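Here is the structure we will look at, set down as structure tokens.
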């Protein structure tokens, strides 16, 4: 990993900031996590959402030191900021929207729910699918626009600004889709009669709103095809590309795709295929098929996911062998970094947008591991010689509150930009959450301003300044002159 050497130091041991193990547990009953997602804004980027098979959503602040594997179960409640029952069925995907103030959850109950993160209230239900909702994605510049993919073989477009229909039996506001494409990955057959088993194989496994703002990518369980659709004309896909083109697939065997992901620039799409390979596409040249292929992991179920890093330089993938794999995008032939620790199939993965050296992975062992680099000074993938670092003075108030919280068993809530109020701590937190103050304390502000006033006053009292002549500007007093290398040698000689 020549491009980013610190990734070789990734560890989920609690020795480094943010690293550790989260046990997914509810009142003593372990649950398997199905989806994880870091927040996507500056306010929520360290907040990790975990959704599981029991319909719970839990929020965890990864800035705090998480427990080790041996103590994760007994400390599971302490590490949670909050949690709630979002569905009475499994949750397969989560998606942050509205600057982190809201969240979407896709469930086996065939609905998508909209949640206010601040008060954990359901503010809307997207209904219309006739199968489990497997995947969600929001528009890159307008989070009112959503796409969802379902086991019923369809994907649907939603506009959250549309007028809702009448509330359901639970009093929840329901919205209908603005467009639906059915049988998006079904093979064209003359006989349209299908058995239930065949219909199930046409499931949509992943959807992506591409960065061009008008295109959607979809993948299915029945084929190894990535399809690109123009939202302005959804009758036929604009691109219909086999993931195994040029990759020597097994003859006569079709492998479904478990997951699609894209980088933050929208230049690449990574597709995890059930033939144990991850294929990389250039969005501008989809007609050429995959440009790179990555091997090493085992993708034996549709729960095994992958994610390309926000900067497009690395691919992170789960594996059915319990390991987590990390590839460098421009070196597909190189052996990947292997991260060991999970004791079950490694499934969902995600990158923290705020820290290059922080990732999260989930597993069938009912844990989520947060991995961080031991050398936390790595904040940019560029060479150290070209990095310009901005150093800010530490906030003593924040440090004091942080050290205090390490001595207690509670976790502070992360402030979210929610119109419904601050994020509240769950019932498992013994203390009420306190908003963290990242500003400069008043005493520090006053002290800095006083020093500035004194320096300005001394400058006004200098002889040159009092003369009010051009020399006072062109030849400032020695106390205000910028020292040069010549001054250094002059003082050394004297």
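Residue positions begin at 1 at the first shown residue.
Cβ coordinates are placed from backbone N, Cα and C, and glycine is handled just like the others.
What TrEMBL records for 84-125, 126-161, 307-337, 339-381 is repeat 'WD'. According to TrEMBL, the feature region 'Disordered' maps to 391-414, 454-494. Feature annotation from TrEMBL assigns compositional bias 'Basic and acidic residues' to 397-409.
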- Query: How does the repeat 'WD' (339-381) divide up by DSSP, counting helix, then strand, then coil residues?
  - Reply: 0 helix, 20 strand, 23 coil
- Note on the structure: DSSP puts the residues of the repeat 'WD' (307-337) at 0 helix, 13 strand, 18 coil
- Query: Across the repeat 'WD' (84-125), what is the average pLDDT of the model, as a whole number?
  - Reply: 97
